[in-house]
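J.: What TrEMBL shows for this protein is this:
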TRANSMEM  12-30  transmembrane segment
TRANSMEM  36-59  transmembrane segment
TRANSMEM  79-96  transmembrane segment
TRANSMEM  118-139  transmembrane segment
TRANSMEM  151-170  transmembrane segment
TRANSMEM  223-250  transmembrane segment
TRANSMEM  286-303  transmembrane segment
TRANSMEM  310-326  transmembrane segment
TRANSMEM  332-350  transmembrane segment
TRANSMEM  406-433  transmembrane segment
TRANSMEM  453-471  transmembrane segment
TRANSMEM  640-659  transmembrane segment
């Protein structure tokens, strides 16, 4: 019986195993600690004290005030921590701390100083599999419900989509949990529309329950609740009844009896992130509210026509999410926000290939965020492969001398919003049963190649990651011993700065950073960097004065070629001395040692001829050093990594065995 079931569902099993393998590898290598750390601190607070107050104080003291999620998410996370503690994988009391909880003042003293070891970070993230499998189950059920023939494509989308894997398994964000309940509610809503039985009322109540829990975790599903209630309501009385059911569930799962209820509500409903969708205004009118009202009026005027075709519910939800992205503040359009629409696009694509290009919009949004935040992609490897991956310059700084980062951002954002606007129009037309855009030959092309297009879009993550890795590993910071920046500056109009770089391991130096400003650009002039060894000039590079900041700031200069000599003399001076540049001084915190000598990692040492000035060196990471940090992690808990590696190996062998037993065609 089991063999027959395996043979019948071989392809789906293979894709599921590939998805599990994909997620295990992500959990192993990627950790976005800003999100992960703040979320884990609140989960720990709930497990230690019963509420989020103590964790909130810790985050506030570390200048981290971000949007809260529903308390139920932290409580479910706490249950997983207790399970891991039962297995002796972690000790909750000592996460970010040196002693069990006593007072808020001394709580989580190590929050900003150290993170849990890698094996604990991995183990904590594995809780996301519960939500992930729940999400897959409900997407699968919806696909069956709306008569999608190629169910394997649902599993393929789940298995290879790195964008929806990165958010839960690198950032430990709540979006996958929210989506699991949200999609579950959508499934039962569709089921209620398609079936008329005695249990239909309970199906509707279950739909409202699941969507409400999703809205408690993160607010997005609450935008759909009014439409669901109207869909279910056949009279004013039933409308009041379903509305009351929603309000009861919402209040109950908000836990108003908790001590932290008001605090949690404040940073859940009225945080900067929560209100960001209302920031985009036209004549003091919120664009999102305007778009939402348009959709709502269209729905009310065409309600009976729309609900005759249950598939329109997916069209309606996608339409509302498009409106949300159109009006979202670009600065607050975080990486995790972009995955909300992806499952709905998948289901639309499987019914009509013309929607496959809509998938490009959230992917553009995801990749655009990486240009702003340096801790995504390669930066997220820091915890697993070593601190060398932190401190790399952002793309905005890398591009500053060749093109305008602001212009690039505007172009990318315009492209993303243009796609959302185009499909906002198409979705409205489809919702009311009118085709207003003829795709012609292009539509025929999409119908034939939409699977390749979708797979290509999803795998674009790895193309971008590969490029990001090559760039970021070329410019990683050489860490310095503790320093203090001084208010004093050295004028280059009167002085030549000189120093010696000792580089015994021949690290390849690729860039440097100074702190200073140009006083006034009166004429053509250059800042010159001259690297030499003895009488031989290794590199001479100049930067025009007009490219330098006029207010005190960072001056980042990329070398034309790398330098890896053991002893390098660096001189910094003005070419013509037409304009003045001031470079900021610094000093060592430890004044007992040689005050003119500064130690960097990899045994690199800076020796200043005169007063020390602020300088930061960048290097290319040697590929043989990439996994050196990972080796240290394995030694901290060899049994854990043995079991983890064995699990990965078994999954790989199962995939190979299933593939060999019978070829599978998608």
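From the backbone N, Cα and C atoms, a Cβ is placed for every residue, glycine too.
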J.: Tell me whether the transmembrane segment (640-659) sits in contact with the transmembrane segment (286-303), defined here as at least 3 Cβ pairs under 8 Å among residues 6 or more apart in sequence.
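T.: No; fewer than 3 Cβ pairs under 8 Å.
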J.: Any residues 6+ beyond the ends of the transmembrane segment (310-326) with a Cβ under 8 Å from its own?
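T.: For the transmembrane segment (310-326), the far contacts come to 142, 146, 186, 189-190, 193-194, 220, 223-224, 227, 231, 277, 280, 287-288, 291-292, 295, 299, 333, 337, 340-341, 344-345, 347-348, 351, 358, 361-362, 365, 416-417, 420-421, 423-424, 427-428, 430-431.
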J.: Tell me whether the transmembrane segment (406-433) sits in contact with the transmembrane segment (286-303), defined here as at least 3 Cβ pairs under 8 Å among residues 6 or more apart in sequence.
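T.: Counting Cβ pairs under 8 Å (6 or more apart in sequence), the transmembrane segment (406-433) reaches the transmembrane segment (286-303), since there are 3 or more.
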J.: For the transmembrane segment (453-471), name the stretch out of 36-59, 118-139, 151-170, 223-250 with the most CB-CB pairs under 8 Å.
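T.: Looking at each of 36-59, 118-139, 151-170, 223-250 in turn, the most contacts to the transmembrane segment (453-471) are made by 151-170.
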J.: Counting Cβ pairs under 8 Å that sit 6 or more residues apart, are there three or more between the transmembrane segment (151-170) and the transmembrane segment (118-139)?
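T.: The transmembrane segment (118-139) and the transmembrane segment (151-170): touching, yes.
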J.: State the residues, same chain only, that lie 6 or more residues beyond the ends of the transmembrane segment (332-350) and have a CB under 8 A from a CB inside it; answer 'none' if no residue qualifies.
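T.: For the transmembrane segment (332-350), the sequence-distant neighbours (Cβ-Cβ under 8 Å, at least 6 residues beyond its ends) are 35, 135, 139, 142-143, 146, 148, 150, 153-154, 157, 161, 163-164, 166-167, 171, 173, 175-176, 179, 183, 220, 272-273, 276, 314-315, 317-318, 321-322, 325, 356, 358-359, 361-363, 365-366, 368-370, 373, 376, 450, 454.
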J.: What same-chain residues lie close to the transmembrane segment (79-96): Cβ under 8 Å, and 6 or more beyond its ends?
T.: 37, 40-41, 43-44, 47-48, 58, 108-111, 114-116, 119-120, 123-124, 127, 640
